[in-house]
Amino acid sequence: MSCRWGTELWDQFDNLEKHTHWGIEFVERYTKFVKERSEIEISYAKQIRNLSKKYQPKKNSREEDEYKYTSCRAFLMTLNELNDYAGQHEVIAENLTTHIICELTRYIQELKAERKSHFHDGRRAQQHIENSWKQLESSKRRFERDCKEADRAQQYFDKIDADINVTKADVEKARQQAQLKHQVAEDSKNEYLTYLQKFNKEQNEHYYSLIPHIFQKIQEMEEKRIEKVGESMKTYAEVNRKVLPIVSKCLDGMTNAAASIEPTMVSSLVVESFKSGFEPPGDVEVEDYSLSMRRTVSESSYLNSRGEGKPSRSNSRGKLWPFKRNKAGPTSPRQPPPPPPTSPSPGAVPNGPQSPQQPKEPLSHRLNEFMTSKHKMQCLRSLTRGGSGPEDCSHLPPEQRRKKLQAKINDINKELQKEVDQRDALTKMKDVYVKNPHMGDPDSVDPRLEEIGQDIDKLELDSRKYEAWLLEVETRLAEKSDPHRRQSGLYDSNATTPVNNNCAPVNRESPDGSYTEDHSTEHHLKSRSTDFDDDFDDEDPLPTIGTCKSLYPFEGQNEGTISMAEGELLYVIEEDKGDGWTRVRRNEDEEGYVPTSYIKVFFDTNAKGAMTYI
């Protein structure tokens, strides 16, 4: 069905003007809708990206270690896919802006200009036909007036001509006036007919040619507008449809990440991460106090060496690793130290300052503390320490020590490979310089080659050192993992060593596998009793809080003190608490108290507990 606005709506100029104005407003409203949708997509994508970034692992944090587990890696993959998912919403916003908002904004300006031009032509044609109509009406009114005046002039002439009293001159004058009026009326009639013919012609052209042409253009403009809106709506849907395959891939990636989670592997990694390599402690043997007999030699020697006057409730087994020990020296000095000497050799002062004393703690109290603890095996050394620890990682459990040493060896090998590659590159450069002296001086490369050679030698030395420590740890772990070898060693020891009534089984290993106790003679027990505390599990060493320089030599002859030479540098591990003594460390095995007045302390405000040794 075809309809033409020029013929069907020839008299609806004002309504068409209102309708086209509404059409432009509709396009503007749809453009505003798409613009707001684009802003929503941008905001949503930004929020999704911020959410993904918020849960990303922080660099150099504990969270990075957690991502060795499959569930954590799957979560990280999900976050990455979510970030890509946010990117697709940004693509939607960008395409909506480019293909719809910008296009419609430009089209609206063109549409307004075109509409204005068409209705300007329509108003001009309307004004022209109205002016033609006014001319026709004016000529008609003038023709009507002239005809009435001609009739009155004719009536006046007839009246005078019939009157016998009127002169002939007056009659002639009236006749001429009537003829004149008739001539004017005739001219007005001719003018009126001319304007009438002209108006009819213009009116016919206006309603059958000009207005239909203008309205047809307006109709085409409106149909194009509607078609443009339809195309924009189709583009709107296509913009969303184009990202669906990539969004689907993102969702597939999340699904694959979830499917990659392996609980069994996670359990294995937990064992690998926290396995210490220690063996569980053995049974605690019964002490029969109903028998009237003295305590075992090992217990007596322990008490004697500790200076205890009353018997301990602890058994006399070789080592109870869960016991804590206080490896540190005295906790508080008994007497204030002497003032610093005025002579440069104060170490020669007789007796020196009174050393702080070591507090005593009954073994039974330690056993009770262990038995009432919240299942915390104090025998196991802490897997995470505040300080860096010894270079050979001997402060770690065997299994963790092996992993740490292996990681250091891998790092050294990577650095070594980098240095070797750099050396090879410099060697090639030097060869090029030798062959082409104009390109550079070959001797300029020698200092760098020498420096790299020294670095390579140092790295190779470190690698051999760590490999030796790793071999030692792996040997011990292999010995522990061989039950036949361990059992045969136990039988051999039992066959040659007599066992007293309530002593622990002999040949019992320490948690690190580095010590085996022998109960064969009382002499050995007494010699071991002085090291009883050292056989318990080590507490974490106190972190260094600064350094100090000795101003005078000091001879630490009493228990709990440490000797130092003048000008020696030591590490401060406990500052003076008002008693005149400062606790210092020389290396892992040497620490104790020195008079505060004998040293100059430099505290480290940024110390984090790193433990190093001179």
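Placed from the backbone N, Cα and C atoms, the Cβ positions cover glycine too.
Annotations in TrEMBL come from automatic prediction, not curation.
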Can you say which of 178-205, 402-429, 570-597 is given as coiled coil in TrEMBL?
-> 402-429
Mind tallying the domain 'SH3' (543-604) by DSSP state, helix then strand then coil?
-> 3 helix, 29 strand, 30 coil
Grouping DSSP H, G, I as helix and E, B as strand, the residues of the domain 'REM-1' (395-472) number 72 helix, 0 strand, 6 coil
Model confidence over the domain 'F-BAR' (1-266) (mean pLDDT, whole number) = 90
